[in-house]
Structures are given as C-alpha cells and as structure tokens.
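S.K.: Quick one: the structure is below, and I'll ask about it shortly.
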Amino acid sequence: MGAGGRMSDPSEGKNILERVPVDPPFTLSDLKKAIPTHCFERSVIRSSYYVVHDLIVAYVFYYLANTYIPLIPTPLAYLAWPVYWFCQASILTGLWVIGHECGHHAFSDYQLIDDIVGFVLHSALLTPYFSWKYSHRNHHANTNSLDNDEVYIPKRKSKVKIYSKLLNNPPGRVFTLVFRLTLGFPLYLLTNISGKKYGRFANHFDPMSPIFNDRERVQVLLSDFGLLAVFYAIKLLVAAKGAAWVINMYAIPVLGVSVFFVLITYLHHTHLSLPHYDSTEWNWIKGALSTIDRDFGFLNRVFHDVTHTHVLHHLISYIPHYHAKEARDAIKPVLGEYYKIDRTPIFKAMYREAKECIYIEPDEDSEHKGVFWYHKM
C-alpha cells in the first residue's frame, strides 16, 4: 500500500520529514475562499449512492465467501478466508467512513438524516455513534493541543513508561504495532487509553462519563442501546449459524475495520514533521494544520479518499468526501509548505513512526518553548 516514489508535488519531496512551519500567515477564511462553492454542497442522493454501492459490494463479498469457500479444499480455504477478511474489512471501512461523515454533518443538509444513517452504520460496525461523534468533535476542536486534545496525545520524555523503553527494539515495535492496531480502538472506547486525562475513569459507554456534557448523555445512552440491539442480533446468528460462521463472516471483518481505522488515524497524526502545542502556543488553525495526508494506493478510493484528504478534513470537516480531493487541491496553493502528503509505503511508514516518534520535547534553542516535536529514544 502506498505509491512510494512519486515526487512531482512539492509537498512530498525528499525532505518529507522536515518540520512544518508553526506560524501560518493565512486564515480559515482565506482557505474557504479558495474552494469552489459547489464543494460545500451535500447531496443526500449522491451520499446515499455511496452507501448503497458499498452495501452491494459487501453483500457480494459475503455471498462469494459464504457460497464458495465451504466448497474449497481445506488447505486452500485457509488462504481464501484471509482474502475475504481483507476485502470485506476494506469495504466496511468505507461504510464506517461514511458514518464518520454523518457525524460531521457532511452527508446531507439534514442533521436528522445524517444521524440516522450514521447511527445505523456505526452501530452495525460496533461503534457507539453519538458517543464517538461527540468525543471526535472535541478532537477536531482541540487538535494537537497537549492540554485539551481528546486522543493521540504523545508523552513527554519524563513520562515515557519503562515498558516503552523495553519494547524499543524491532520485535517490541512489531508487538506494539499489532497491539495498537487490533486492540487500540476497542480499548480507547472502553477505557479511554491514549485519550485525554480526566479526573476520573472515562469511557464511551457511560452516559455520565466526563467526556460528555449534560446535553449529550441521552444520546450516549441511545448509542448503547444501538450496540445492544446489534449484540442481540449476533446472539441470534450464533444460535442459527454457529460461532465459527459469525466469527469468519462478521467478527473478523469488523475487527479489520478497527485495524484500518487505527492505522489511518495513527499515520495521520504521527510524523516527525508535525508539532504539538501547549497552551502558550496553541490555537485552532495551528492544531488543525498539524496533520499529514497519506497514500494508501488503491485503498484511497475504497476508503472514500479519507486517507489523502485529512489535512482538508481537519480544516473544513463538513465537505463531503466526493468533493474532498477537489477542495484539497484548491487550498494547496494557499497552504504552501504547511501542506504535506507522505507517500512512503504504509508498512514502512508504520514501522518508521513506531521507531522515531516515541516522545515529544520542545527545542532547547527555540523561541517557541510551547512547540513540541517528536523524538526517538
């Protein structure tokens, strides 16, 4: 995955790891003015087309696997199942991305429609829609703020745990990456791991969690009921089809969605060129600019371009995915050196970031003491 090697764009040259500037000379208004007006239009018909398209593709994958893999000789079936898992997880991640767009009111002009579609899609993929919508909103409002960001908050050198030092070797990095990719999102939802530190235990299922305010608590409970309904449906499927069938056809692809989601967001927010800010330096546009686009090759399209339009998304989150590339290209001349896309092959980038981005510290000789950069051990 990842194109690698294409260097025609000045935002992706040899110095891709070079730090971005920290004092943008433009405003959000300047960026919006550069984007064609039609890019802000949200069509419920066009958005719904992508939902239907992905559902049809997901059904085709299901039908082929359910019908033909049981007919394949056992040794070959062991190869066929991972192919199904990858394909189904990929298309389901596309549906998850559409649910995420609903949370940003980028699906249609009607908030109710957005919330209904997002609630159904995310619940089916075991994500508490409203709960995650609200915590994710906090992330967008406080991106790369060391004091207030909701997730992906790196540690200072003095706070690095002993196990991080023990795992600072090739086998340890592989273990850390596998753990992060498979369990990172479920543990974030359940225990707020890697999330903002609150005065008490926080998770995404407790309506009284400090993550949420009083106006959001009823909808958090609604998210829980949505998941309970899905778990009840899973129970009925296990009774009818057996646990092995449910695991192969549904559970592993849904786990794959979590893997893809963590992989994408980890790479968007973890890079040697990206700063973090304390309260003396942070403002909204500085934080929103502190992300990087990535190239997932053919999966860019499957994931509805969320992989390589993330910088735009953090600046203007309500632009629908089918206008995102055009809008991104429109603001790139304004962004200049503040925009970066890293086309390093994904597995190589994953390992590099796990090796190089361990903790953050400000530069000792810098006048910006509230600007923090990644370092390795």
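Cβ coordinates are placed from backbone N, Cα and C, and glycine is handled just like the others.
Residues annotated as transmembrane segment in Swiss-Prot: 55-75, 79-99, 112-132, 174-194, 220-240, 244-264. Annotation source Swiss-Prot lists motif 'Histidine box-1' at 100-104. Per Swiss-Prot, the feature motif 'Histidine box-2' maps to 136-140. Sequence annotations record features per position, and here Swiss-Prot assigns motif 'Histidine box-3' to 310-314.
Quick one: how deep are these features, and who are their neighbours?
M.R.: Under 8 Å from some Cβ of the transmembrane segment (55-75) lie the Cβ atoms of residues 81, 84, 87-88, 91-92, 95, 248-249, all in the same chain and six or more residues away from its ends.
Among residues of the same chain six or more beyond the transmembrane segment (79-99), those with a C-beta under 8 A of the stretch's C-beta atoms are 47, 50-51, 54-55, 57-58, 61-62, 64-65, 68-69, 72, 107, 117-118, 121-122, 125, 127, 129, 248, 252-257, 259-261, 299, 302-304, 306, 321.
For the motif 'Histidine box-1' (100-104), the number of residues in each DSSP class (helix H, G, I; strand E, B; coil) is 4 helix, 0 strand, 1 coil.
Non-local neighbours of the transmembrane segment (112-132) in the same chain are 44, 48, 51, 92, 95-96, 98-103, 105-106, 189, 204-205, 211-212, 216, 219-220, 222-224, 226-227, 229-230, 254, 257; each lies 6+ residues outside the stretch with a CB under 8 Å from one of its CB atoms.
Same-chain residues lying 6 or more positions outside the motif 'Histidine box-2' (136-140) and placing a CB less than 8 Å from one of its CB atoms are 100, 103, 148-152, 196, 211, 288, 314, 317.
Beyond the ends of the motif 'Histidine box-3' (310-314), by six or more residues, the same chain brings 140, 143, 268, 288-289, 291-294, 324, 327-328, 331, 335, 339-340 to within a C-beta distance below 8 angstroms of the stretch.
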S.K.: Cβ under 8 Å, sequence separation of at least 6 from the ends of the transmembrane segment (244-264): give me the contacting residues as numbers and ranges.
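M.R.: For the transmembrane segment (244-264), the nonlocal Cβ contacts are 62, 65-66, 81, 84-86, 88-90, 92-93, 96, 125-126, 180-182, 184-186, 234, 237-238, 294, 296, 303, 306-307, 346, 350.
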S.K.: Across the motif 'Histidine box-3' (310-314), what is the average pLDDT of the model, as a whole number?
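M.R.: Summarising the motif 'Histidine box-3' (310-314) by its mean pLDDT gives 98.
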